[in-house]
Amino acid sequence: HYLMMVESTVSIPYLLTPMMCMAASDPARGAITSTIIFVSGVVTLMQTSFGVRLPIVQGGTHGFLGPIIAILTIMPCPSSEELDAMSYDDRTELWQTRMRQVQGAICVAAVFQVFVGFTGAIGALLRWISPLVIVPTVTLIGFSLFPVAADKASSHWGISSLTIILLVVFSQYLGEAAIPCFTWSRGRGFSRTNIYIFKLFPVLLAVVIAWVTCWALTATDVLPKGSHARTDLRLEIITESPWFRFPYPCQWGLPTVSVAGVMGMMAGVLASIVESVGDYFACARLSGAPAPPKHAVNRGIWIEGLGTMFAGLWGTGSGTTSYSQNVGAIGVTKVGSRRVVQYSAIIMLLCGLVGKVGALFITIPEPIIGGIFCVVFAMITSVGISTVQYIDLNSSRNLFVLGFSLFFGMALPMWMQKPENKFIINTAYPILNQVLSVLLRTSMFVGGVLGFFLDNTIPGTEEERGMVQWKAQLKPSREEEGRVIAVDQSCYDLPFGMEAIKI
């Protein structure tokens, strides 16, 4: 569980830190990576102990990348010549100012998620948020990130292509290939079991093989000096990073709040809430637990919002969300133990305290990360597209709402991000200018708002809009509802105070 979480989570600081004007060899990049691993461990422990109490792993969310990139776009970095001329302290203040802007937006947006979980308002939200809202919102997260993936991969197409090929082979062609393993116990002695290593760790295996390849090409000087695929470019990050470092709140300074940033983050929060509710029910089915009751779902959303607030205060550059891939791992390993995930959370905490672990991840060659981005962002896109299974695709109404939301959700932000349109929004109120600039540069916000408005105003039946099938997927089945009284739901109860919080 730890390995599956970390291989996805560490890509977030790798992507965002250069946009914050950090130097490629700045040890703080490793510190941010360690921080996000540490906070993921804290929130995973909170979720499994006091939240929904299912074996749910929490990690950094890619859903906030779009709004964060939009915020950073309105604060462009100085030219490379100016950056090189800056002192270390000036360069540090430069990126910390941007980090504090991101922190403040995440913290305030997380308050909304805490409110939704604390009040049980998730039911009211789901009456208005349909699959035709979810599809453009989530799909455009992936679509909006393809320039970033292409930029990283283009640093060396050979290595990035190798990474992509390995990922595809391991996850798709060898996913069902099992490796026999022998275990021993006092009662049964030796027994054979199968481990689906390629299905569980396709990213990890691809990274290790590609990394070793880069090391061999670096050692033999096949790769020219300065090539982004070389493994000796950022070794000073490891040597300059401390062995032990304790992350703490506001370590980069007190977060600053802007209305524009908060509004942009709200789209990511809504997408995270809906995705997590689906993960809770999927995790319950795979782990053999009864469908989670309302009070457990509300607690899960509440803890997730609190975790996102912690992520903002600690300065991870992201929020936290439930990890669907770890839910899928339960179906592969057939181990649905809450204790196993809690142990993995302890590993996250320990690794987050070792500064050189985070630094090690930052030294992964850039084209390898580019190859991972190409596959991971494609999967995020496909997860959004998969939600169309609930709607009637023979309806011209649905086709219009879906197509227009996706197309305009890409077209407008792409036009807004052109340098000549940087100050195109010019009202009498500077704050409004900033808010509109951030929102209209965020694809998931533009597409999601269009989908929400059109789907809730153009006449259509509940079944046509996909609400019937989608809500059924987010609720216990009829069989489970029929036996809900007979089923022991104590696995969702807290050790104390249940009478006060069951709603």
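If you go along the chain as it appears here, the first residue is 1 and each next one adds 1.
A Cβ is built for glycine as well, from the same backbone N, Cα and C atoms used for every other residue.
The transmembrane segment annotation in TrEMBL covers 32-52 (among others). Residues 5-6, 9-10, 12-14, 17, 58-60, 245, 247, 251, 280, 292, 296-297, 299-300, 302-304, 306-307, 310-311, 314-318, 320, 322, 338, 341-342, 344-349, 351-355, 357-359, 361-362, 492, 494 of the same chain lie 6+ residues outside the transmembrane segment (32-52) yet bring a C-beta within less than 8 angstroms of a C-beta in it.
The transmembrane segment feature in TrEMBL is assigned to 64-81 (among others). Within the same chain, residues 12, 15-16, 19-21, 94, 97-98, 101-102, 105-106, 140-141, 144-145, 148, 258, 260-261, 264-265, 267-268, 317-319, 413, 417, 422, 434, 437-439, 441-445 sit at least 6 positions outside the transmembrane segment (64-81) and bring their C-beta atoms closer than 8 Å to a C-beta of that stretch.
Residues annotated as transmembrane segment in TrEMBL: 101-125 (among others).
Residues of the same chain lying 6 or more positions beyond the ends of the transmembrane segment (132-150) and with a Cβ under 8 Å from any Cβ of it are 15, 62-63, 65-66, 69, 267, 270-271, 274-275, 370, 373-374, 377-385, 387-388, 391, 398, 401-402, 405-406, 409-410, 413, 442-444, 446-448, 450-452, 454-455, 465-466. The feature transmembrane segment is assigned by TrEMBL to 132-150 (among others).
Within the same chain, residues 196, 198-199, 201-203, 205-207, 209-210, 213-214, 223, 227-229, 365-368, 370-372, 374-375 sit at least 6 positions outside the transmembrane segment (156-175) and bring their C-beta atoms closer than 8 Å to a C-beta of that stretch. The transmembrane segment annotation in TrEMBL covers 156-175 (among others).
Residues or ranges marked as transmembrane segment in TrEMBL: 196-218 (among others).
Positions annotated as transmembrane segment by TrEMBL: 252-274 (among others).
As annotated by TrEMBL, transmembrane segment applies to 340-362 (among others). Remote same-chain partners of the transmembrane segment (340-362), defined as residues 6 or more beyond its termini with a Cβ less than 8 Å from a stretch Cβ, comprise 1-2, 5-6, 10, 13-14, 27, 29-42, 44-45, 48-49, 55-57, 234, 237-238, 241-247, 326.
Annotated transmembrane segment per TrEMBL: 368-391 (among others), in sequence order. Taking Cβ pairs closer than 8 Å, the transmembrane segment (368-391) reaches residues 7-8, 11, 14-15, 62, 130-132, 134-143, 145-146, 148-155, 159-164, 167-168, 203, 206-207, 210-211, 214, 229, 324, 398, 402, 464-466, 469-470, 473 in its own chain, all 6 or more past its ends.
Here TrEMBL flags 398-415 (among others) as transmembrane segment.
According to TrEMBL, the transmembrane segment annotation covers 435-454 (among others). If one looks beyond the transmembrane segment (435-454) by at least 6 residues along the same chain, the residues whose Cβ comes under 8 Å of a Cβ in the stretch are 63, 66-67, 70-71, 73-74, 128-129, 132-133, 135-141, 143-144, 259-261, 263-264, 266-268, 270-271, 400-402, 404-406, 408-410, 412-413, 416-417, 425, 427.
Residues 16, 20, 64, 67-68, 71-72, 75, 252, 255-258, 261-262, 264-266, 268-270, 272-274, 277, 294, 297-306, 308-309, 311-313, 315, 317-319, 503 of the same chain lie 6+ residues outside the transmembrane segment (101-125) yet bring a C-beta within less than 8 angstroms of a C-beta in it. When Cβ-Cβ distances below 8 Å are used as the criterion, the transmembrane segment (252-274) is approached by residues 61, 63-64, 66-67, 70-71, 74, 96, 99-110, 112-113, 116, 122, 125-126, 129, 134, 137-138, 141, 301, 304-305, 308, 312-313, 315, 319, 321, 431, 434-439, 442, 444-445, 448-449 of the same chain, each at least six residues removed from its ends.
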